[in-house]
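Student: Relevant sequence annotations retrieved from Swiss-Prot are reproduced here:
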BINDING   Cys143, Cys146, Cys156, Cys159  Zn(2+) binding site
BINDING   Lys378  ATP binding site
DOMAIN    676-776  domain 'tRNA-binding'
MOTIF     10-20  motif ''HIGH' region'
MOTIF     375-379  motif ''KMSKS' region'
Amino acid sequence: MRILVTAALPYSNGPIHLGHIAGAYLPADIFYRFVKLKGYNALYICGSDQYGSPIELNAIKLNIDPKDYASFYRKIQEEIFKKFNIKFDIYSGTAESNIHPIIVKEFFLSLFSAGLLIEKEQELPYDPKIKRFLPDRFVVGQCPYCGYEKAYGDQCEKCGRLLEPKELINPKSAITGEKVIFKKTRHLFFNIPKLKDKLKQYIESKKDVWNDFTYSWSLALLDNFKERAITRDNKWGVKVPAKEMLEILKKALKEGKTPKDFGLLIDSTNEKDLENHIKEYENKVLYVWFDAPIGYISFTFETSPEYRYYWDEKEKPYIVHFIGKDNIPFHTIFWPALIIGRNLGYKNINHILDFDIALPYQVFGNPYLNYYGKKFSKSKRWGVFLDNIDKIDIDIDYFRFYLAYIHTVSKDMSFEWDQFKEVINKELVDNIGNFIHRVLTFIYNRFNGIPPKIEHLDDKDKELLDKIKQLPEKVFNFIWKGEIGNALREIVNTSNLANKYFQEKEPWKTNDPNTIAIAFEAVKTFIILLYPFIPEKAKLLASIANIDIKWDFNQKVEKINKPFIVFHKLSDNQIEMAKQILTNPKEYDLGKKKVIGVLRYEDELYKIELECDDNPWVCLKRELDKRKIKYIYDTVKGDVPPHIIDGNTYIYLLPALEKPNLEKAEEEYGLVSYLDFAKLDMRVGKIIDVQDHPNADKLYIIKVSLGNKQKTLVGGLKQYYKKEELIGKYVVLINNLKPKQLRGITSEGMLLAADDGKEVALLMPDKPISLGSKVR
């Protein structure tokens, strides 16, 4: 029996966050680890979805190649998965795989040869300046409903109304700003309704396999599924195989068929007419939602031809998809329709997959993970973002445990820091961790590390032992149904019973080997079953218990190793620091950056503005040196952190040694009045914690106590002070400074310091004074 586990392909338009992990990748990872543990022949497949309009549009805006843009984020996504210990056998990308376009074209040509495509004429927006059709998202204009000036061609983001490009008032190209015209074009549509009977038969066969929601929703939606376009006028994507289409058409015409049999809008059978008709498709690409799921197959085949058996229908593989609940119809109707259609037509064309492809066995559509009940939003900085997950002092297995513990199959979940801390400290540390550590320590100290054997059983012994023996299959049955949370909670509940048993038996009084022997059976079982949830911690526990991580709960252990504490409680400080780092998504530098240098000479300010592709400081320094402008920072080696970062704008404030030949800076950089100065609320504080900034080599994240509250600051002190030199110092800070994002971390104030261009010295009270005292 072969099991192929897949997780939804993340779109490589940005990093993934904790909601993505909880919705597909962690449940799939846990499921995969369990089936491997059980001894099944299994693969876990994933990769980035790298084509489509959003990627193309963003790349154009940044003046970079779409492939570079998509590859950049694919690497970031893969790194985040690695940090979260998501163990794929293969992680690829639709634009990285050499075989992917070949298999995608095979699917397309199979549908074409089977008569499952329909040609339709549409009138779509066109940019005459660059001579290309525009996807809906490439068109902007005034919303006809609310008047918003920057509504997209598919939706107004202000009022939320769904739109058509033609509805916009004064529609313009998002690429050039040119007024768009509407021009006729032809596209091919997948005739899904033609396969309705076969799809209904397939869905009905899953009545006892899929959960009730997935089954009933898919069946209800089937009647409303219409033809869907599978070609687009984009540049970025898998090219439509127009030449092969024409060859299939010519061959079929010789067999007595007509263009109408292929759904084409042409009556002529003249070879030249057909060539001209099909030629239009040479400049089109296949729709991203058509090519993306085929990536499951492409990525499997990247490793070795033997992996074909995970897709060959004759082999009866178990193909299991993990996705978000919004993706259910796509995987229960559209994707099976593609497979059915491909199987009907592939023998009529040149193909590399010489077998019928198996339909999905199981589709797990998981609920969403919200953040305090609300949807994740990068722009609003609302959620838990994973770019810097390795920069915090919390073990990844703690996040894995918590997300699995709160997992449900019926309603949306919510990540909350207080609950996270409570679940870890109560269930993982105090319950499971404490029980395992107590038993192992007891064996090591009282029995010289040699686990005793079971001699006799009383009723309490039998009760616990029976539950322990039944636990593996109970847990696996939950896992097989995609009920990850129920599986883990079953382990937690059984651990509670084991703790109660241990307390009631009081082996520290009796030194009863029988009690310890039964408790050790529980320990071995817990460790093995916890491995898919918390693999690194489970491996540590297994090394102490001297057992192998395998589906064998009766392993004989001659002697255990010296125990050590594996689980530690989470502190408030750990939570606060993690919250600061993980609720601030990292900003990535793609494309041009705006750099502003503000130079002060005597009482005047001057500025220079640049657009740079490389390091902002290097770019500014290069231009200042080129203009022979003398400034104090010319003695500083290496990168200099900007004083202000605002999106993709970097501002440097530099003292000039002579009057620079630059334009005067605007008033916002100029002198302030006494009344403006009086607005500053300066207070005495004490530095209580210092951490390295995860996104900047020369910045610290500094915790300052004001007595009745604490503040988090970001300061460029790393080259002037060691961490230990700062902790405990009394300092002066601006308390009412507007919070500012500095390289992804919110700074809630500013420390006062003197700077002569070579050295920096913090301003500190010269004698003891109460924390929070006002500086006047």
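Quick reminder: no glycine exception, Cβ is built from N, Cα and C everywhere.
Since the structure is predicted, the reported quantities are computational estimates derived from the model, not experimental observations.
Please go over these features one by one and say how buried each is and what sits next to it.
Tutor: In three-state terms derived from DSSP, Cys143 (Zn(2+) binding site) belongs to neither a helical nor a strand segment and is classed as coil.
Sequence-distant neighbours of Lys378 (ATP binding site) (same chain, 6+ residues apart, CB-CB distance under 8 A): Gly14, His17, Phe385, Pro585.
If one looks beyond the motif ''HIGH' region' (10-20) by at least 6 residues along the same chain, the residues whose Cβ comes under 8 Å of a Cβ in the stretch are 46, 48-50, 52, 54-55, 58, 69-74, 76-77, 80-81, 93, 368-371, 376, 378, 383-387, 399, 403, 415, 582, 585-586, 588.
According to DSSP, the secondary structure content of the motif ''KMSKS' region' (375-379) in residues is 0 helix, 1 strand, 4 coil.
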Student: Tell me, how many other CB atoms lie within 10 A of the CB of Cys159 (Zn(2+) binding site), whichever protein chain they belong to?
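Tutor: Other Cβ atoms within 10 Å of Cys159 (Zn(2+) binding site): 13.
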Student: Including all protein chains shown, what's the count of other C-beta atoms within 10 A of the C-beta of Cys143 (Zn(2+) binding site)?
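Tutor: Taking every protein chain into account, the count is 22.
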Student: Where does the mean pLDDT land for the motif ''KMSKS' region' (375-379)?
Tutor: 85
Student: In the domain 'tRNA-binding' (676-776), how many residues does DSSP assign to helix, to strand and to coil?
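Tutor: Residue counts for the domain 'tRNA-binding' (676-776) by secondary structure: 7 helix, 44 strand, 50 coil.
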Student: Far apart in sequence but close in space: which same-chain residues, 6 or more away, have a Cβ under 8 Å from Cys146 (Zn(2+) binding site)?
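Tutor: When sequence neighbours closer than 6 are ignored, Cys146 (Zn(2+) binding site) has Cys156, Lys158, Cys159, Arg161 within Cβ distance under 8 Å.
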Student: Going by DSSP, is Cys156 (Zn(2+) binding site) part of a helix, a strand, or coil?
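Tutor: The three-state answer is coil.
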Student: Other than Cys143, Cys146, Cys156, Cys159, which residues of the chain come within 8 Å of the Zn(2+) site, judged by Cβ distance to the Cβ centroid of those residues?
Tutor: Pro144, Tyr145, Gly147, Tyr148, Ala151, Glu157, Lys158, Gly160, Arg161
Student: Tell me the Cβ neighbour count for Cys156 (Zn(2+) binding site), meaning other Cβ atoms within 10 Å of its Cβ, over all protein chains shown.
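Tutor: Other Cβ atoms within 10 Å of Cys156 (Zn(2+) binding site): 23.
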Student: In the motif ''HIGH' region' (10-20), how many residues does DSSP call helix, how many strand, and how many coil?
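Tutor: For the motif ''HIGH' region' (10-20), the helix, strand and coil counts are 3 helix, 2 strand, 6 coil.
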